[in-house]
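Working notes, beginning with the structure itself.
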Amino acid sequence: MPYLYRDSKPRPPALPGAAHPTHSSGKAYEELRQECLRRGVLFEDPDFPACNSSLFFSEKPPIPFIWKRPGDIVKDPKFILGGATRTDICQGDLGDCWLLAAIASLTLNEKTLARVVPLDQNFGPGYAGIFHFQFWQHNEWLDVVIDDQLPTFKGRLVFLHSAEHNEFWSALLEKAYAKLNGSYEALKGGSTIEAMEDFTGGVGEMYEVKKAPDNFYEILEKALKRCSLVCCSINIISAAESEAKTPFGLIKGHAYSVTGIDEVSYRGRQVRLIRIRNPWGQVEWNGPWSDNSLEWRSVSPSEQRRLSQAALDDGEFWMKYEDFKVHFDKVEICNLTPDALEDSTAHKWEVTIHQGSWVRGSTAGGCRNFLETFWTNPQIKLRLTEKDDGQDNCTFIAALMQKDRRKLKKLGAEMLTIGYSIYENPGRDGHLGKDFFRYHPSKARSKTYINLREVSDRFKLPPGDYILVPTTFEPHQEADFCLRIFSEKKAITEDLDENVAIDLPEPLNPTPSPQETEEEKQFRALFEQIAGKVSTKPLWVINIKFKNLSLISCRNIISLMDTSGNGKLEFSEFKVFWEKMKKWINIFLQFDFDKSGSMSSYELRSALKAAGYQLNNYLLQLIVLRYSDEQFQIEFDDFLNCLIRLENASRVFQALSVKNKEFINLNISEV
C-alpha cells in the first residue's frame, strides 16, 4: 500500500495558540480573507473544490448535490447561535457518528472548543466566504481554511447540520475535517477517541469497565487532576436500544462526561463517589447518591458544600463508584498534552514523540511471529528514571499511531493492523539483531494488534532501560507512524538507530609481489588470455557461480580500481580488486541462506555491516529502494554495485574531509 514520504527532519511543532497554515498558497487565513475583501470576491478553495471529488472517491454521489453558501440557504446565517451546544450537532447522510460524538464532547470544554473553532469569524462585517479550523496532526497543530460552500439537496444541508437552520459552525467544522482527510467519504467509520485526539492533541485510552484494572479508580482520579477529557457510556446491543432509558434514569448509547471523583465520610466510613454529567438534557441517575437521595441526609453540610452538591448543573449527578462499574460499560480518556492545559494545572503528563516509517524491504518487519524480519523494525530506546510518587514502578502510556490512512483511502489504503512490544535493554548501543529477539522474551506488549488508527496501552514497569519495537502485524506493509510516550515522571527516549560509520582497510597499492602465488599465476594466465589489459567490455564474461555481471557492474569496477584514469585495469589493479571480490562473495554467500543467488533485503543491514558499512535506517531505506526487486531480494550483481558505489563515495569523502569532520564543502567542479 502507498504511504506518504516525510522528511526525516520534520518541522518543529507549533507553539501553544499557534498553528501551521496548510493552504497550498502558503498564506494564512487572515491574509487570504483580507485579499478577498480587497478584491471584492468570496473565497473559493482550490485545494478542496466544490465538486464531486471532494465528496466521494469510490462512487458517484447518490443524489445530485448542489453546493451553496449559507447566505444562499437562509436569509440570516449565523456562525454560532447562542453558544455551541450538543443540539448544534445533527447527523446527516454520512456514516460519521463517531465524529459527531467527539464534536458533542468538544462543546463541554470551552477552552478546547475555542482552539478548534476559532471565534474570530462570522457572517457579519468582514465576511469573505472563508472560515478556518484548527486540528492536531502528528505533533503539530494545523490551521485548515475552507470556503463556505456546502453540499445541499433541495435547499437543505446533506451532511452534519444544526437543529437551528441558520447556524453553520458544525457543518463548516465537518467540511474542514473532511478536507484534512481528503474527502467526505474518508470520514465513514471511525472511533470517537480518534477525533478527540485530533481536537486536543491528546492520547486516548479505552477501558471496558467490567474488565478494568484494580487501580481504575486511581487512574480516573489522576486523569481528572490532569484535566483529561473523560467520557463513559452504556453499550447497546441493537439499534432499538439507542436512546433507551434504564430503570435508574440512565440513557443507553449516550456519551456521558465524568466531571469529578472524590470520597465522602458516610456513617463512619469513606465512600468513593464519581460525578457524571449527561450533556443531552436533564434526565439523570435516580439511584443511591442521586440529587435528592436519602444518603445525603447522613452527610455533614460542610461535606456537601465541599462537593458542591447543591450547585450541580442540570444533568449532573453523583453516584457510588461501585454502582458506576455496574451500570456503565465503557470509559474513554483523552489525556491532554501540557500545551493544551492551563498553566495552573498542577499535574501534567511528560510527553515525548517519535516519527518513523515502516518501509518494505528494510524496516517493515512485521510482528514477532516473523522472527526473520521482526528485528529490522524501528527500535526506540525508553529510559524510565524516576518512580511514581509513593510507588515502586513507573507509569507510562505508549500510543502508536499510523499516519494519514484516511487521506490515503482514495489510493486503496486501509487501516493496517498495528501493535508493539517492549523489551528490557541489554545495555548495548545500536540496532538490536535477530538473535537478541530469538532468545529474549518481551517485558510488555500492546494488549492486541488491531486495525485502528492508534493503539495505546498503560504500563507500570520498574525504573530502567527498555526497547520499544513498533510494528505492523504482517511484514512488508508500508506506513508512516507516530509513537507517543506519556509518562508520570520524565522519561528519556531516543531512536535506537545506528550511527553512520565506515570501517574500511586502507587501499592497497597495486604493486607487483616478488613471488607469485599459485592463485596469482592462474589469474595472470586468465588475464593474458583475455587481453593485455582488462577493459569493461570483456570483464563481464567472468562467471563466479552467479549470473553474469552486468555491463554497469563492470564499468563500476573499473571506476573503483582504475588508478591511472585510462578506463582499463592493469594486472596489479585487478589483483587488488580480486581480494575485495572474494571478501564480498563470502559475505553474500553468508546471507544467501537458501543458496539461490539472492539474499533478502532485510539482511542487507547485517551484510553491509560485515563489509564495513554501518548505516542508519534512512540510508538503508534508500539503498533498499534502489537495489532490491519487488520480492525484496537482492542479487549478487546489485549487491556488488551497492558496495562499489559505497566505497567510491567513502573514498571521495575521506579525500575531501578535513580533520575527519562529518561534513565537507564541494565546489561545482568537485560535484
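Including glycine, each Cβ sits where the backbone N, Cα and C put it.
Listed features, source TrEMBL:
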REGION    1-26  region 'Disordered'
COMPBIAS  1-10  compositional bias 'Basic and acidic residues'
DOMAIN    42-337  domain 'Calpain catalytic'
ACT_SITE  Cys97  active site
ACT_SITE  His254  active site
ACT_SITE  Asn278  active site
DOMAIN    579-614  domain 'EF-hand'
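Mean model confidence of the domain 'Calpain catalytic' (42-337) amounts to 88 (pLDDT, 0 to 100 scale). Cβ neighbour count for His254 (active site): 23 (other Cβ atoms within 10 Å of its Cβ, all protein chains included). For the active-site residues Cys97, Asn278, the largest tally of other C-beta atoms within 10 A is found at Asn278. On a Cα basis, His254 (active site) lies 8 Å away from Asn278 (active site). Look at Cys97 (active site): DSSP puts it in a helix. His254 (active site) carries neither a helix nor a strand DSSP state and counts as coil. Taking the Cα atom of each, Cys97 (active site) and His254 (active site) are about 12 angstrom apart.
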